[in-house]
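Asks: First the structure, then my questions, so here it is.
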Amino acid sequence: MLNLWEVVIMGDQYKWGVVLIACMAIFIIVLDSSAMNVAISTLVVELNTTLSIIQSIIALYALIIASFMLLGSKIQDILGRKKTFLLGLAIYASGTITATLSVNAGMLLLGWAVLEGIGAALILPATTTIVGSSYQGKDKITAFGIWGGIAAVGAAVGPIVGGIFTTYLSWRLVFGSELIFVVLILLFRHYLTESKPTLKWKDLDIVGAALSIVSLILIVLGILFLTKPQYWGYVAVLVGSGSVLFVLFLLWERRRMKHGLEPLSDVNLLKNRLFGLGNFNSVIQQIPLAGFLFIIPVFLQQVTKLNAFDTGLALLPASITILIFSILGARLSSALESKYIIMIGFLIAAVGTYILGGVFNVNTQIIDLVPGTVIFGVGIGFLLSQLTNLTMSAAGEENETDASGLLNCFKNLGYSMGTALIGVLLLLGIFGGLTAGIESTTVAGNMTKEQIQENLINHVEKMQTDTPQIPPELAPYSAEIINSSISSAMKQTFTILSLILLLGLVTSIFLPSPKKSS
């Protein structure tokens, strides 16, 4: 006999069981990308770590997803989509448990960034093909609409969910609660159908997988090293080596296809102007979004001393606006060409970041952020409503799997680079401001200005949760120096965000119409 859950949720012969599973999977993955940003101060204190380390972990989560995305797409051709999905779910669950029980930053890195990242890279491509193969016609459109909507909801509620758990319970419950969804997915796994493997393990492009994974990791690690002057000599080596390896990856994939061997991904799709520019603009769109979600919590928790919940509230207007205008933007596409909606989106988002650049100071209130965050959210919502569909329209159904893998790879790479690059620019601006502030003071005591600067930098790295080791004479002025440095750095960083968005506006001018893209 059917129970109430099956009747209400599954409906017509349980046909929506598959999309229910897909929605739960995408929800927890997207939630992870936005919920923990508001817990930065708490993580720094409880795990006895620094702001730079937490920044690296957040960036590496998206980076691992990006790095393993192409491999995850190909493995389902070997194992079948259901086995790949369940394998990814098992790895993701092990990461969730590890992150929940973390006692230090290394354990959080392993659980959240590495294990959950690899699991998500297996789950996401399999989920896309599972939904696509389970429905036809209007049902397919409905299924993908629900799936995309739940992903948007996950991103929107992430900061407030993270804020509630962190402030009133524990940040560990963000990860722990995901196990509930994992159990529910396992209970309904029988609604998933297996696909017949089309490849064998010997067909897997191991060299291509290694080149793609290592190249992306080296590039982002090089960016993260910019916060440490003693490692600047390695930055060019890491970024340069990663770039060379990525070019070698592209050449290797084309060589395999030329010789009739199975590639990791059909990189020739990137030669299509619409697909190539669409991916580039997706990266450009993700960088400001990730940077926005990282640096605003840093400011609010360091300068205005907001807790995680209030930080989540400050981000809520942007989250809601992004969700609303991603829906409205999709409807607007019937009256206006997607290319022009994308251009409008970049321009509006740039206006939002420009406005935000002028509101940061020691007296900033949440209400002061609302105009800029809402305008930014409108622009990002328009971009999200168009970029994926327009980019995928260049691929054709026969290349849908490879195209989806490449697009998701670049989108997650953009998100990772946003957290890394924009976070680095903020920290470098803060450190530069501290240097100037200390130089302008007359310091007594037995400490040099270089020692004071180093101690204040460490104080900022600890999110100002410790007591800075500075001369007593400087103590009354230290908070003013730090907060002034952070406020100035925020203005500079948001100016850079505006320039990045304007770059997206310029490149989107060259987006061809789908019918002219080949």
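Including glycine, each Cβ sits where the backbone N, Cα and C put it.
Sequence annotations record features per position, and here TrEMBL assigns domain 'Major facilitator superfamily (MFS) profile' to 18-516. The transmembrane segment annotation in TrEMBL covers 16-40, 52-72, 84-103, 109-132, 144-165, 171-192, 204-225, 231-253, 306-328, 340-360, 420-438, 493-511.
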Asks: When each of 16-40, 231-253, 493-511 is checked against the transmembrane segment (340-360) for Cβ pairs under 8 Å, which one has the most?
Replies: 493-511
Asks: Which stretch, 52-72, 84-103, 109-132, 171-192, 420-438, tops the Cβ pairs under 8 Å count with the transmembrane segment (16-40)?
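Replies: That would be 171-192.
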Asks: Between the stretches 84-103, 144-165, 171-192, 306-328, 420-438, which wins on the count of C-beta pairs under 8 angstroms to the transmembrane segment (52-72)?
Replies: 420-438
Asks: Over the domain 'Major facilitator superfamily (MFS) profile' (18-516), what is the model's mean pLDDT?
Replies: 89
Asks: Could you name the stretch, out of 144-165, 171-192, 204-225, with the greatest number of CB pairs under 8 A to the transmembrane segment (306-328)?
Replies: 144-165
Asks: Could you name the stretch, out of 84-103, 171-192, 420-438, with the greatest number of CB pairs under 8 A to the transmembrane segment (204-225)?
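Replies: Top-ranked stretch among 84-103, 171-192, 420-438: 420-438.
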Asks: Which range out of 144-165, 171-192, 420-438 gives the transmembrane segment (84-103) the most CB pairs under 8 Å?
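Replies: Most Cβ pairs under 8 Å with the transmembrane segment (84-103) come from 171-192.
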Asks: Residue list, the transmembrane segment (144-165) vs rest of chain: Cβ under 8 Å, 6 or more residues beyond ends.
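Replies: Tertiary neighbours of the transmembrane segment (144-165) are 19, 22-23, 26-39, 127, 131-132, 171, 173-174, 177, 293, 307-313, 315-316, 319-320, 322-323, 326-327, 384.
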